[in-house]
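Engineer: Swiss-Prot feature annotations, pasted as is:
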- Glu204: active site, proton donor (ACT_SITE)
- Lys334: active site, proton acceptor (ACT_SITE)
- Gln162, Lys334, Arg363, Ser364, Lys385: (2R)-2-phosphoglycerate binding site (BINDING)
- Asp241, Glu282, Asp309: Mg(2+) binding site (BINDING)
Amino acid sequence: MALIDAIHAREILDSRGNPTVEVEVLLTDGSLGRAAVPSGASTGEFEAVERRDGDKKRYGGKGVLDAVAAVEGIAEELEGEFAADQRAVDRAMRDLDGTPNKGKLGANAILGVSMAVAVAAAQASDLMLYKYLGGPNSHVLPVPMMNILNGGAHADSNVDIQEFMIAPIGAPSFREALRWGTEVYHALKTVLQEKGLSTGLGDEGGFAPSLESNRAALDLIAEAVTKAGYRLGEDIALALDVASSEFFDKGSYTFEGQQRSAEEMAAYYTELVDNYPIVSIEDPLDEDDWEGWQHLTAQLGDRVQLVGDDLFVTNVERLQRGIDEKAGNALLVKVNQIGSLTETFDAISLAQRHMFHCMISHRSGETEDTFIADLAVATNAGQIKTGAPARSDRVAKYNQLLRIEEDLADAAVYAGRSAFPRFRG
């Protein structure tokens, strides 16, 4: 079994032009693993700490040279360890850090090493990464939750909801799902142009026009679905990322120009689900509004997927609380929220044991790294959120999923409508 021979890190740029950490791990058999760490725009209060330099003279204080230096310290600890023993590798880094939120070394340093070790070990095993991570039963291709219209923190517009997504639930394969979603994306551009609206792009490749309301965004997408030749609700469903913590303050939500309670937000979402084929709502309420989440889950949880992103931050302790209190029914998985691969697997395992679906997710600040595509298939998650079919940092993940589907051949199963509560029975 190959041992870790050397670890090297560098500062590179992400899709927003901000620095991030890239790590390379070399094994004694010559295998090389490389991984780059993503970064979010709307971040949960309880996420693991991303280490930035704070030197305003470099990249406005967003440099990551300190995190790069931290990797050099990690290297001294890990050289000579078995690359295939991922849990021991990650535990050694957590012990070296010694803080509950990875604040000493930085989650971006630890995660970069964690991912690169796995990539190197997969190469040493002569396996594609998804097979190495998930084993012989990894075969489910995820529904691409394609963010084609942006608002909130991902765009400069007056739309409160951060992401409006399409989900090609009726497609027979991932390849066809990607085609369907891409055709709707192009149709949406035409619809926007015909109405004299902006076709500028947000952080994740979706369009970011200035619209009068959130419903107007949904209606535009519905028009685009029809224009592309698909049936709304049968072929293509809708999904939202509200990112409500961004407009929650002092117990209320500033939404569409009004102050609303959690109960009023729940009534609003119920009306949307009644009128649109929405299969998933992410972060509909604030990360600390546990009572509101319980109320919303009781009211809507059997009809729609209620996804905890800022609520759970891929953290087993917060997820366990959600399970116990019946707050939410699905987990958004972001590897950099928790900061190591094994802790990510622990969160996914806990969710799946309790019938919570998992949606593997990118961040708004991405790179050409395709790790999460393999992770989605390795865990049979059934859903992936990695932006619009535009910009190479987003498309890279979709292209990797095409390769994986081709590798699986007849064993590949596309999750489709079975991934969502709205269509179960």
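Note: Cβ is positioned from N, Cα and C throughout, glycine not excepted.
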Engineer: Measuring C-alpha to C-alpha, could you say which of the recorded positions Glu204, Asp241, Asp309, Lys334 are within 10 Å of Gln162 ((2R)-2-phosphoglycerate binding site)?
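Structural biologist: Those near Gln162 ((2R)-2-phosphoglycerate binding site) - Cα within 10 Å - are Asp241, in sequence order.
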Engineer: Relative to the Cβ position of Arg363 ((2R)-2-phosphoglycerate binding site), how many further Cβ atoms are located within 10 Å?
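Structural biologist: Looking across every protein chain shown, the total is 26.
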Engineer: If you compare CA-to-CA distances from Glu204 (active site, proton donor) to each of the binding-site residues Asp241, Asp309, Ser364, Lys385, which comes out shortest?
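Structural biologist: Given the candidates Asp241, Asp309, Ser364, Lys385, the nearest one is Ser364.
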Engineer: Using a 10 Å cut-off between Cα atoms, which of these binding-site residues sit near the residue listed as 'active site, proton acceptor': Asp241, Glu282, Arg363, Ser364?
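Structural biologist: Matched binding-site residues: Arg363, sequence order.
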Engineer: What's the CA-CA gap between Glu282 (Mg(2+) binding site) and Lys385 ((2R)-2-phosphoglycerate binding site) in angstrom, rounded?
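Structural biologist: One finds 11 Å between the Cα atoms of these residues.
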Engineer: For Gln162 ((2R)-2-phosphoglycerate binding site), what is the secondary structure by DSSP, using just helix, strand and coil?
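Structural biologist: Once the DSSP labels are grouped into three classes, Gln162 ((2R)-2-phosphoglycerate binding site) ends up as coil.
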Engineer: Cα distance, Asp241 (Mg(2+) binding site) to Lys385 ((2R)-2-phosphoglycerate binding site), nearest Å?
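Structural biologist: Spelling it out, the Cα of Lys385 ((2R)-2-phosphoglycerate binding site) and the Cα of Asp241 (Mg(2+) binding site) are 10 Å apart.
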Engineer: Quiz question: given the binding-site residues Gln162, Ser364, which has the greatest number of C-beta atoms lying within 10 angstroms of its own C-beta?
Structural biologist: Gln162
